[in-house]
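Report on the structure given below.
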Amino acid sequence: MRTIAIVGKPNVGKSSLFNRILMRRKSIVDDQPGVTRDRIYDIGNWLTRSFMLIDTGGIISSKDTYQDNINEQVLFAINEANTIIFLVSAKDGINNDDKKIAKMLKEKAKDKKIILVINKIESEKYYLNEGELYSFGFGKFFKISAEHGIGMGDLLDELVKDMPIQNNLEKQERFKFCIIGRPNVGKSSLTNTILGEQRVIVNAEAGSTRDSIDNDFNYYNKKYTIIDTAGIRRKGKIVESVEKYAVLRTKKAIERSQLILLVLDGSEPFKEQDEVVGGLAYNANIPTIIIVNKWDNIINKNSHTMEMVKKQIRSQFKYLSWAPIVFVSALDNKRIHTIFEAIEFVREQAMRKIATSLLNDVVIKANAFQEPPPFKGGRISISYIVQVQSQIPTFVLKCNNPKFLHFSYARYIENEIRKAFGFDSVPITLYWQDKNKKLRGE
């Protein structure tokens, strides 16, 4: 699949163009320069052609904490790309930063296709000299308005004209999981270690990752997509509009995932924010693995330390009692393999299908062995159970009247199912239904 990178100085509309090509809001857009810090990836489609699109941070000469990292990210993107969109702004005109980028592209991307694109032509005033644009040496250029969609058809035709027709089946085959956690627990370091490269900017300042980033990779011939997300802070501390949108992005990333890696910082006491983020994982009702990061930073460890930390986690995160716990040191690349062992272990449980006859044998016996308590004027009696298709093990239980069900008895039946069929590391869902009501498809 061909790769296209969008580069340019800050605030020329790179993220707006990225979103326009994808026809959805993937990159954060704000009139504040420097909003995009990392490389953002997604697959675009035009005229039955598929391509990987990369949004990058703005290149400038600056003493900003992140600027050297941003410039490095852009160079990574240029190296990955087959085609580069060099974006400038009709509204702001050409300045020294544009000229430096043009010079850099001639040096670093001399063997690649470079398309000069003039954005923001909806502006009433132009500050561009076309002779100056031709002097860059990139030949024909395209005038567009990413915000309003003007000129996009011609640009997209140019981008895909030499591309082969490609489908998107590979993307669909990948197992997708996301990394979540409060800021500065090491989510980006973990992503970088897994991917084996510096794809996500890592900085000691909490909140240095603002976008969620899809990264495709293979691990021992298995295909994965990992989503690195913005760290979630307590709502009262989020003041920037961009940060608010990043929190929403994290929640959306969870919705797109098949599994969650909840990262905790093992080198310090767990915080209230950790429990808040854990609540998001619980509410998502999908498989979750708890990752205790920075394990090597814990001093004076002994043979009992790991078990003590596990007990502490089980106490603070009671609602994730089924989630496996893995201990790693992302920066030192230690015990990373245990994450994938846990992922595959959990995947197998989540996909496990139980024969209806076996289910009924276990549940009907459990119902007879422990008589349910009377509740709301009646007593529950289970007639039948069947597993239904879902992302996690999900069961429909037919009974005489669901209103007679007490939560403690529902928990008893759930535990019996877990024990009998080995569902000890995934969430499971039970739906209690009146036996006279038909299931869809019956």
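Heads up, residue numbers simply count up from 1 along the chain you see.
Cβ from N, Cα, C; glycine included.
Mapped onto three states, the DSSP output places Gly8 (GTP 1 binding site) in coil. The feature GTP 1 binding site is assigned by Swiss-Prot to 8-15, 55-59, 119-122.
According to Swiss-Prot, the GTP 2 binding site annotation covers 181-188, 228-232, 293-296. Long-range Cβ contacts of Trp295 (GTP 2 binding site) within its own chain (separation 6+, distance under 8 Å): Gly266, Phe327, Val328, Ser329, Lys334, Arg335. Look at Trp295 (GTP 2 binding site): DSSP puts it in a helix.
Residues annotated as domain 'EngA-type G 1' in Swiss-Prot: 2-167.
On the 0 to 100 pLDDT scale, the domain 'EngA-type G 2' (175-351) averages 83 in this prediction. Annotation comment: Swiss-Prot describes 175-351 as domain 'EngA-type G 2'.
Positions annotated as domain 'KH-like' by Swiss-Prot: 352-436.
When the binding-site residues Gly8, Asn11, Lys14, Thr56, Ile121 are ranked by how far their Cα is from the Cα of Gly181 (GTP 2 binding site), Thr56 comes first.
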